[in-house]
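K.L.:
Okay, so TrEMBL annotates it like this:
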TRANSMEM  58-81  transmembrane segment
TRANSMEM  88-110  transmembrane segment
TRANSMEM  122-141  transmembrane segment
TRANSMEM  170-190  transmembrane segment
TRANSMEM  197-216  transmembrane segment
TRANSMEM  236-269  transmembrane segment
Amino acid sequence: MTITRTTKSGKTDHKETIEWKKVLYERQGVKDHYVPPSFLKDLRKNVNLQKYELKDCILSSTALTQEICSIVIFIVVFLYLDSGRPQLSIAICISIAVITLFLYSTLIFVSPSNDVINELKSAAIFLISGLAVSPILKTLTETISTDTIYAMVTVMMLVHLTFYDYGAKAAIVSTPVALNAAIFGGVCLASRLSTTYDAFALLIFASDIFVLSAILRRRVQTENWKICLTVFYWSTSFTLLSIACPLIYLLLFIVLLVCINFICPLGFYRCQKYKEYVS
């Protein structure tokens, strides 16, 4: 880009054409805010910009849906165990035992052959230690009010949802923080149960739904399996909520899941046309 600069030599004005340079330390005869037409010639927009299809946006949201449903299922199971009905508690404990056996068997089946012994050792250690510390749980929170426990559990579950690994590469993702928050919330709820066996069953169920099922879900990345798992979590949480809670909670839960799975992905998909990546 060339510019014309006027200089004075005695009583005569001389005009000279010089090449404009993008420097600050040299006077070029133009104003400080001067910008030539060629200033943005190297600007590139939306280079290698990745756009997502609506189907991909909806499928990506299923990970959050499954985790929210897991928390709801866990809370409803706690409410059933805390209802004070022995027959219902026995049925739930048997169901948790069957679920645990199924999840461990599936995990061992899909794991490499050299990891089977380690998986069995870890399971045995966890079961024995969980049964040993279950009587102690009742004395941990005796001086803490139930409302405080529920508030603490709510905060821990929100922390779990915030730091959980949904498959995206982000700095906020921390699997240890998410797992510890969920297990701590489960321990707090287990300390409020009346019997040792109920507390032990709830701890086992916490490991089932927050650890074992999460590992298996990460290994299932196909589109059909994601849809099937989401439908399973939806139907299970709907059924349990409809039995244990008033209708208003079920309706609010349905609205929440519809927003997460359909409205938010649709809004993200439509807002992609406004995205500009400058390089």
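Start at 1 and count along the chain as shown; that gives each residue its number.
Glycine too: its Cβ is placed from the backbone N, Cα and C atoms.
Model, not experiment: these values are computed from the prediction.
For each feature listed, report its degree of burial, its nearest neighbours and the pertinent distances within the displayed model.
P.N.:
Beyond the transmembrane segment (88-110), the same-chain residues lying 6 or more positions past its ends with a Cβ under 8 Å from any Cβ of the stretch are 77, 80-81, 116, 119-120, 123, 195, 197-198, 201, 204-205, 207-208, 212-213, 215-216, 219.
Within the chain carrying the transmembrane segment (170-190), a Cβ under 8 angstroms from the stretch's Cβ atoms is held by residues 71, 74-75, 78, 134, 137, 140-141, 149, 152-153, 156-157, 159-164, 198-200, 202-203, 205-207, 210-211, all 6 or more beyond its ends.
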K.L.:
Give the one range among 58-81, 197-216, 236-269 whose Cβ atoms make the most pairs under 8 Å with those of the transmembrane segment (122-141).
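P.N.:
Going through each listed stretch, the top one turns out to be 197-216.
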